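The structure appears right after this line, and notes come after that.
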Amino acid sequence: MRVLIKNGTVVNADGQAKQDLLIESGIVRQLGNNISPQLPYEEIDATGCYVFPGGVDVHTHFNIDVGIARSCDDFFTGTRAAACGGTTTIIDHMGFGPNGCRLRHQLEVYRGYAAHKAVIDYSFHGVIQHINHAILDEIPMMVEEGLSSFKLYLTYQYKLNDDEVLQALRRLHESGALTTVHPENDAAIASKRAEFIAAGLTAPRYHALSRPLECEAEAIARMINLAQIAGNAPLYIVHLSNGLGLDYLRLARANHQPVWVETCPQYLLLDERSYDTEDGMKFILSPPLRNIREQDKLWCGISDGAIDVVATDHCTFSMAQRLQISKGDFSRCPNGLPGVENRMQLLFSSGVMTGRITPERFVELTSAMPARLFGLWPQKGLLAPGSDGDVVIIDPRQSQQIQHRHLHDNADYSPWEGFTCQGAIVRTLSRGETIFCDGTFTGKAGRGRFLRRKPFVPPVL
């Protein structure tokens, strides 16, 4: 199968050019002008459009069981939504397994979840929910099998203490893996939450007040220092929501420490006022939404390069689930927002089309740096001969209003309802196959492939 994309502006992280792009047997074969492929081939006219590498979302939670509920997107509906939003690769954060389980247990479970459902290519982050000799011995074997990143939690049921974190950081570093972390100070949060509950203050706004930005920033600073103690172990901070944490990361970078950070569209475009609306419960997530001042600080990090990745933390619970389980109490509400379908369009509209970032920086944030950090480069995140033919075509001339009824996830609402975006995703190709075109999903369940990722190699800071 050959596909020729003509007359578009092809953009990579290091530059752009108006040229044609030829994909053959799922692989990019040629870029240039006046390409004349062997017949037969499909021709796609991208006049006036940007031709970007397909998005790489390195933070999703599909089919996750959080104890009180299971998310309503599985690996079909979740990856279908991703495809319709221009994302062609996801790396899913696996949920916790049974108490005391081995690392391999969750990998086998999640490969079963995805095998016959995923529309796009996928991988997983390991999750370390306890530390013992067996777990530490298992890490190098998992890296050899293609899992080169693992997540630690400083909050929730399976939070690790500082000694366990140090052991994990050392072994992951030795094994060629990148440590990712959910950083929040669990003890401080528990104290604040207990105060509010005792006072009968359980409305959605108290979710944010119980998890102040200092709880997140303190945990970020602690992880930075622990990573240094562990032999300058590489560290990746997930879902950054505030400027103080970013200041700590800037300081670590200035000291040449190998740290990277992601943020998410919700922290760039939504704010804490959402908790005071009639539907405030739909915005319960952790870390919570912050104020507009924190948004501005994050946008500075997006613009000046301090933030490396924009992912989604897509973790969808329906409003029916939220209301039935929480009964109006924020502390009982399952956490998470949908967003995997909207990430690329939201960042293009609010970043590229406003002049905050260049098209090249858009690629760096949404595909190139995620692929480099997580062992997928140059197969993913790049349009060059030999790379996978993963493409998203965006038309900057089109304006669209986000409406849930047009989305493809399994939620019953969108936090972005009514947002007007300048720029529309008109086509998504995965390994040369069109899986979304002009508003219509054309992919199929089970076509996605499991990606064995390479050991971690730090990009140049």
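Including glycine, each Cβ sits where the backbone N, Cα and C put it.
Cβ neighbours within 10 Å of His61 (divalent metal cation 1 binding site), excluding its own Cβ and spanning all shown chains: 21. What Swiss-Prot records for His59, His61, Lys151, Asp313 is divalent metal cation 1 binding site.
Residues or ranges marked as divalent metal cation 2 binding site by Swiss-Prot on the basis of sequence analysis: Lys151, His182, His239. On its own chain, Lys151 (divalent metal cation 1 binding site) has His93, His125, Gly126, Val127, Ile128, Thr180, Val181, His182, Val238 as residues at least 6 apart in sequence with a Cβ closer than 8 Å to its own Cβ.
Among the features that Swiss-Prot reports, N6-carboxylysine is placed at Lys151. According to DSSP, Lys151 (divalent metal cation 1 binding site) sits within a strand segment.
According to Swiss-Prot, the substrate binding site annotation covers Tyr156, Ser286, Asn335, on the basis of sequence analysis. Annotation for Ser286 (substrate binding site): same-chain Cβ neighbours under 8 Å, separated by at least 6 residues, are Thr155, Glu184, Arg211, Asn335. Reduced to three states, the DSSP call for Ser286 (substrate binding site) is coil.
Tyr156 (substrate binding site) is 16 Å away from Asp313 (divalent metal cation 1 binding site) when you measure Cα to Cα. Between the alpha carbons (Cα) of His61 (divalent metal cation 1 binding site) and His239 (divalent metal cation 2 binding site) lies a span of roughly 13 Å.
In sequence order, His182, Asp186 constitute the residues six or more apart from Tyr156 (substrate binding site) in its chain with CB-CB distances below 8 Å.
For the binding-site residues His59, His182, His239, the largest tally of other C-beta atoms within 10 A is found at His59. Neighbouring residues of the recorded divalent metal cation 1 site, listed in sequence order and excluding His59, His61, Lys151, Asp313, comprise Thr60, Asp92, His93, His125, His182, Val238, His239, Ala311, His314, Cys315 (Cβ within 8 Å of the Cβ centroid). Excluding Tyr156, Ser286, Asn335 themselves, the residues of that chain whose CB lies within 8 A of the CB mean position for the substrate site are, in sequence, Val66, Thr155, His182, Glu184, Leu285, Gly336.
Of all Cβ atoms in the shown protein chains, 20 besides its own fall within 10 Å of the Cβ of Asn335 (substrate binding site).
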